[in-house]
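Asker: Sharing a structure here in structure tokens format.
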């Protein structure tokens, strides 16, 4: 059985940072324990005695999906750990070594010997080459199993929670599936480029014989995996909405015409006009019909030049807004220093949990609106709001205020913190749109808090923390451990950093003399983005010794699945 513990050193530094004392030894002890659970086999060479050379081909079997959706494989003769992008669980294949890192190697797939049992035909023609849908050729049921297994392994091996707690006592819940597996994204960003990238088997399609056809090689699409300067031309994306795909197809049909004078931005020479095309989909709050915002990101402000594309896009009745973000820097980001409205409104709207939210070109908003309804309901349930208007909520990494505002209707006050100024402005506007007056949103960097943080709001009853992929900074974790709020609802888009932060909050950091003071009550994985490696988790932590927790533990003695101390470590780990 392959385990994430074999790859702890392969995780990024920010996940491994501040590892408590004895962590490595606990993993080796755990590995021995797991080995005793299977039938004895003839001894095989130790993985450390085998290290492949770059360019060497290996016969491999993929055992599970791991960090970033890569296949976790082992060399059949030695058990040496190898990572392979786009390898699927159960697949037997030949791989060529491309990189060597510490105690594992990375390979590219050369040939499949035996395909995985759960393989299916990917409906998207770009799936084999695009970096977005890595697992579209794996059955959805198998995707869910793989994601659930990944979260469970990280919780045990990085979070140091006992296998008994995680698997037998119901702390980790079964993953929540997404009912809509295609056309669920309400935002997609496509890039312009001077040369379309083609996979090796399609190189014959590139036109090189006619200088007049140079524009035909221009690209508008998605970046090839691992490359910032290679763009796979895309006519439609099965993840974005149908109206957005109609706009994309219309732009693709005309923008290369030499008479229009458009030049795609070149990230090497830093010349060119068109950088990105961003498409966002919302809903008309009166009719429920889709609303589309088209955002052209360019290197300079030339509205007359863009007029043809603006007219083309606005011809669709669903398009209610055409924006132009101007990014004059050499950086190829989609956020411009200046923003102009070229047609219609400067924002679109969407409804979520009975509230209306205004979405501007660069606003953060959950990109799967349908599944966000499910996610936010889970967050509300975990928060356990009394509903009597007596509680204080601290909403960390609040973004545009979506989570805090959904709770504000049932609590005394919400205090939200976010580093992005525009997001704070949107949160305040969203509060006003919905007539919510008991929410305060403050701009501030939660990675740089000092001793004064926390003095401008009362002690909260509930903390909501929804950090981005790097997770919470140690300064914030120390603050929360000193704050001792009765409940923390931790929402994470990265199970690896989530497991690390849960470990800190529950078990402390021995090498820094920091004691944990929370117990993990539940962890609910949610599949927000089918066919991708991304996983969302909603975790409930409660302060040790709190009356609410004591009542939960007392109830568990009557048969509920909470009879084990939620902070207990794996029985094979050192005390």
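Quick reminder: no glycine exception, Cβ is built from N, Cα and C everywhere.
What TrEMBL lists as active site, nucleophile is 493. As annotated by TrEMBL, S-adenosyl-L-methionine binding site applies to 366, 397, 418, 466. Sequence annotations record features per position, and here TrEMBL assigns domain 'TRAM' to 51-111.
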Asker: On a simple 10 Å Cβ count over all chains shown, which one of the binding-site residues 418, 466 is most densely packed?
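Answerer: Sorting the candidates by Cβ neighbours within 10 Å, the top entry is 418.
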Asker: Quick check: which same-chain residues outside 366, 397, 418, 466 lie with their CB within 8 A of the centre of the S-adenosyl-L-methionine site CB atoms?
Answerer: 364, 395, 398, 399, 400, 402, 403, 467, 468, 491
Asker: Report the same-chain neighbours of residue 493 (active site, nucleophile): residues 6+ apart in sequence with Cβ closer than 8 Å to its Cβ, ordered by sequence.
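Answerer: Correct list: 468, 469, 528, 534, 535, 536.
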Asker: Is it possible to get the count of other C-beta atoms within 10 angstroms of the C-beta of residue 397 (S-adenosyl-L-methionine binding site)?
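Answerer: Other Cβ atoms within 10 Å of residue 397 (S-adenosyl-L-methionine binding site): 21.
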Asker: Let me check the 10 A CB neighbour count of residue 366 (S-adenosyl-L-methionine binding site). How many other CB atoms are there?
Answerer: 22
Asker: In DSSP terms, helix, strand or coil for the residue listed as 'active site, nucleophile'?
Answerer: coil
Asker: Kindly state the mean pLDDT of the domain 'TRAM' (51-111) in the predicted structure.
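Answerer: Taking every residue in the domain 'TRAM' (51-111) and averaging pLDDT yields 90.
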Asker: Of all the Cα pairs drawn from 366, 397, 418, 466, the residues the record ties to S-adenosyl-L-methionine, which distance is largest, in Å?
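Answerer: Overall maximum Cα spacing for these binding residues reaches 16 Å.
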Asker: According to DSSP, how is the domain 'TRAM' (51-111) divided among helix, strand and coil residues?
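Answerer: Taking the domain 'TRAM' (51-111) as a whole: 3 helix, 36 strand, 22 coil.
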